[in-house]
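As recorded in TrEMBL:
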- A:7-23: transmembrane segment (TRANSMEM)
- A:43-59: transmembrane segment (TRANSMEM)
- A:71-94: transmembrane segment (TRANSMEM)
- A:106-127: transmembrane segment (TRANSMEM)
- A:148-181: transmembrane segment (TRANSMEM)
There are 4 protein chains.
Amino acid sequence: MSKSRLEAFTDGVMAIIVTILVLEIPEPKGTTFGALWPLRYKLILYLLSFLTVTVYWNNHHHLFQITKTISGGVLWANNFFLLTISLMPIATAWAGSHTEYAAPEATMGIVFLAVNISFYILVKTLLAAHKPDSVFTKFFGQGSRKSWFSMGMALGGIILAFIWPPFSAIFCFGCLVPWIVPDHRVDRYLKKQQ
Amino acid sequence: MSKSRLEAFTDGVMAIIVTILVLEIPEPKGTTFGALWPLRYKLILYLLSFLTVTVYWNNHHHLFQITKTISGGVLWANNFFLLTISLMPIATAWAGSHTEYAAPEATMGIVFLAVNISFYILVKTLLAAHKPDSVFTKFFGQGSRKSWFSMGMALGGIILAFIWPPFSAIFCFGCLVPWIVPDHRVDRYLKKQQ
Amino acid sequence: MSKSRLEAFTDGVMAIIVTILVLEIPEPKGTTFGALWPLRYKLILYLLSFLTVTVYWNNHHHLFQITKTISGGVLWANNFFLLTISLMPIATAWAGSHTEYAAPEATMGIVFLAVNISFYILVKTLLAAHKPDSVFTKFFGQGSRKSWFSMGMALGGIILAFIWPPFSAIFCFGCLVPWIVPDHRVDRYLKKQQ
Amino acid sequence: MSKSRLEAFTDGVMAIIVTILVLEIPEPKGTTFGALWPLRYKLILYLLSFLTVTVYWNNHHHLFQITKTISGGVLWANNFFLLTISLMPIATAWAGSHTEYAAPEATMGIVFLAVNISFYILVKTLLAAHKPDSVFTKFFGQGSRKSWFSMGMALGGIILAFIWPPFSAIFCFGCLVPWIVPDHRVDRYLKKQQ
């Protein structure tokens, strides 16, 4: 089954998700730089949401660069991933405007955890669709330490939300760190293929 | 005629349709988990709408995987399908917030029926564009029991809306069940082709 | 220069334009079929706008099916076409809710005229980018009677808006008629190529 | 690494950015041409924003037409470019409705500067991903005078905002001028390749 439409649909949905929060930045009311001040949270949240979604987009991109075959299961795993990541902007927005409270921070943590779980499931479903001797299995078959690290961080963020809320966000966004640079081995492999 | 742009346009439109309802989930007002409670309907409706649209996207994907040729008629049948499915989010939203009333439930049933009819017409138009000995005709030429089942379920949902409204939704979403797993034979055929 | 990205960007923009008016249909207020009544205009306008934009999309699709080469000028002509068609939903919405008044009807006529002019310019720019013996020139080089007909109809719609406004819309949407079935010759040619 | 998905994601995001301001044009209130008058700023701002974003889209298109290979760094440089250009509509909107004030004009200048810097970084990252003897390096390796000119113009616009605000916009949009016609050499090269 061809992967090109799954990629196109994913790109379309993620393009919308990534721009949801920019649509919510209103025109500043006033004519001084002070008029930008009330928008500072919305701007920062847009940056964070943009960063988060593009980090996952980059990794999705790398994942499918070496994907050779997909299955009905992969379609559904990908849809589930899109569903979880589509909740990211609103969760980030709520947590960002209430950094001192447990519920918004914990909710953001839960969404981060869900995104990481769904990405993990996506990788596993892709593994099942590939033969054991495929390039994909070679790169992603040995388990994904990144995924376990991120799920742990998100879980830590959820727990911390009830103890010291502002610290929770650091754990949540911390789970992005290993994903900022997508898989080096994939990069190197693709460079050799040229 | 190349099918790639029809797929791209469909992906673009469906990416927007699938995210319409997430745009309507507002930032929770408050700082407790209780603030999420008033959003429960919108969240559930988003899930249902997301599920519904992605079910049809998956099947559209399978349908066009083995499509070899399209015609002017296919373009129009596809546009009609996009029109009907674009009414899904609003119909689901209305029905979902008024599960005890006939009109919203029946309206959702009518939209489900329209989507199934337009998908059926799309398959028929594709059949007309393919030669009788094509792979497409082999798979989709013998009539689509799924389509008839779904149309019957949607029709049942419309009638039930006037008798016992909450039961109507079960029939409507029931018509998705056979489509959740897209055509196995297509999957198997595509796997062999690799 | 490859045409694929021009097509992809056009598909993305037109997918948004086609769904602009569905975003404006609010959830019906009430629990009876009567609650749909106040939405009748918005629904009809959505249908008209959807039809209009998809008619042009279909023709854009046919046009680029036999396009072999594009130029910097084609990029700009296409952008201009996208700009004019992006004003269609709002013009249709205004005219549709005030069918008895000259200004809204004439404005819609002006937008229809602008869309037809920009499509005509797009065809001319594509002709300039193709060699005189190309397939594209063979099909689109002899002038486009459809375009002249449509521009005349739109112009008639503008004039009529000041005499008998409701009749104006008939002329505007009348200019779509010859475009509903895209070029037959292109269809036949592409069928032979298979 | 294949460039096709980067292009698709960019097209999706830019299709949304380019239509953000058309979504904000409300249906005219009234039935005379006078009803269009209060919308004049929104219409002009939409035109300016559309022009600005499509100028960059056209240049992005040319840039990637001769791109042969991308890297993880290119993905991030492209995301940064998308982030800066996504702030263009709102900056244009603010500056456009307050042409006599320093802050809105200077803010627009800062966004123009940021877009030009991010585009410059994108070119540099692409250069790093290509071999010194590649076609890409041949065309874009000798430094981009256009970029320096535009950055200078934007910087001038920022400074002028504090001296004579309305003049600032001329400098900002002036920085688009050299980009309206994308690289001629690329055009000519691609024509030869056919």
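Backbone N, Cα and C define each Cβ position, glycine as well.
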Stretch-level contact, the transmembrane segment (A:7-23) and the transmembrane segment (A:106-127), CB cutoff 8 A, at least 3 pairs: no
Listed stretch, out of A:43-59, A:106-127, A:148-181, that has the most CB pairs under 8 angstroms to the transmembrane segment (A:71-94): A:106-127
Residues of the parent chain within Cβ reach of the transmembrane segment (A:148-181), under 8 Å, 6 or more residues beyond its termini: 48, 51-52, 55-56, 58-59, 95, 99-106, 108-110, 112-113, 116-117, 120
